[in-house]
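**Q** Marked as compositional bias 'Polar residues' by TrEMBL: 1-14, 28-47, 218-230. Sequence annotations record features per position, and here TrEMBL assigns region 'Disordered' to 1-56, 214-237. Per TrEMBL, the feature compositional bias 'Low complexity' maps to 15-27. If you look up TrEMBL, you'll see 108-129, 149-168, 255-275, 307-326, 338-356, 368-386 marked as transmembrane segment.
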Amino acid sequence: MSTRSSGSSPQLTVHSHTSPTSFFTPTNIRFSDLSSDPSERTPTSEWNSRKARKGRYASRPATVRYITTKDGARGSRLEGYGTMIAQELNGRIKHEESKLKPNLKMDISWWVAVAFTFGSAVWVVNGYVEWFPLFRPNLDNQTVSRTAAALAFIGGTVFEIGSYLMVVEALDRGREINFGTAIGQLLHHRRHVDQEKDAEHHKLIQDHVLHHRERHSSSTTLSHAVNTDGGTEKNGKQSKVKPWIWWGPPMWHDMGYCAAVIQFFGATVFWIATITGLPGVIPGFAAGGGSIAIIDVFFWTPQVVGGTGFIISSTLLMLEVQGSWWRIKPLDIGWHVGFWNLIGSIGFTLCGALGFSSKSGVVYESDLATFWGSWAFLIGSCFQVWESIWREAEPEPDTKKG
């Protein structure tokens, strides 16, 4: 007998969850459908923090059951474990019927991808302009030097814009998973639950539901205290859509948000180097002279600090997809975005670190690091564009209702 009536939302229970560290809320939760055979405890649905942030799956309603030890929780008491509660949420969950296809939607995720692609392309051109004079000394003139400085400033500015949009993306999509929403409560609850207990809780819930199916109809046994996601009025009607925000309260337990903030910090510091590299900002620098101390502090150091921020951010983005530090996911497009950005970040950091030396061989490697680092960023950005295009279409509104 199915727990899902015609037109009702899926009835799910948490099958397992993963997170690289308990400080962050889960980056991946797998669900099982309570309407399936209880003997088949296989996951049928999945929520992934990056895919949710990028809007890759449509937001659909579902009722999720899990066990909580929170005082005052309304639901079925499971002696020795806590209370089984039900929460009705609207989440970007991948279901069995979910299908990805090209779906160009110019939302925040699209513009983040476009910004980094354009910025990376500018840095690639800058890499050619910086590196070629080492092979063709006749190209080492003031015009080429000014062109390289201008391209670096444009690339750094676009990276700054793209990094800020990453924060906006994390904040706006993050409101779907903040603590005031049902899925947010589930995520924060799961942050304090050992992953080893998932299987035990999952079996308890399925056995409990199966036991009550045999005694009552599903409509009465599955009607425990339901909290509705997305914000509701007292009469149960859906509240108005939350307005767009350009800044907001931090979400330090969300790995994607932390990666975006660190990326924004790194881009801002790195941007300083693109400004001081412009002709005339540091006296004599464009002509090959200038104060070494000033150049080291205001040109090379920001590249090292900013590049280090890029490395940390890219690493977090990879870990967000992996779920654990050792389990790489080369078949996941989101993982490739983080991986190639990590390679690019290392290149940009090496460029600054090697720039402190005036030896010809080190100067060569410094310029070369910018070149291959830019290409790595461009590859990662192209993956990000692909990621923003391949999505599940949003469900059509039900015009028959009302």
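A Cβ is built for glycine as well, from the same backbone N, Cα and C atoms used for every other residue.
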**Q** Quick one: do the transmembrane segment (368-386) and the transmembrane segment (149-168) have at least 3 Cβ pairs under 8 Å, skipping pairs fewer than 6 apart in sequence?
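**A** When sequence-distant Cβ pairs are counted, the transmembrane segment (149-168) does not touch the transmembrane segment (368-386), since fewer than 3 lie under 8 Å.
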**Q** Same chain, outside the transmembrane segment (307-326) by at least 6, Cβ under 8 Å from its Cβ: which residues?
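**A** For the transmembrane segment (307-326), the list is 18-20, 27-28, 48-50, 255-256, 258-260, 262-263, 265-267, 269-270, 332, 334-335, 337-339, 341-342, 344-346, 348-352.
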**Q** For the compositional bias 'Low complexity' (15-27), DSSP counts of helix, strand and coil?
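**A** Residue counts for the compositional bias 'Low complexity' (15-27) by secondary structure: 0 helix, 4 strand, 9 coil.
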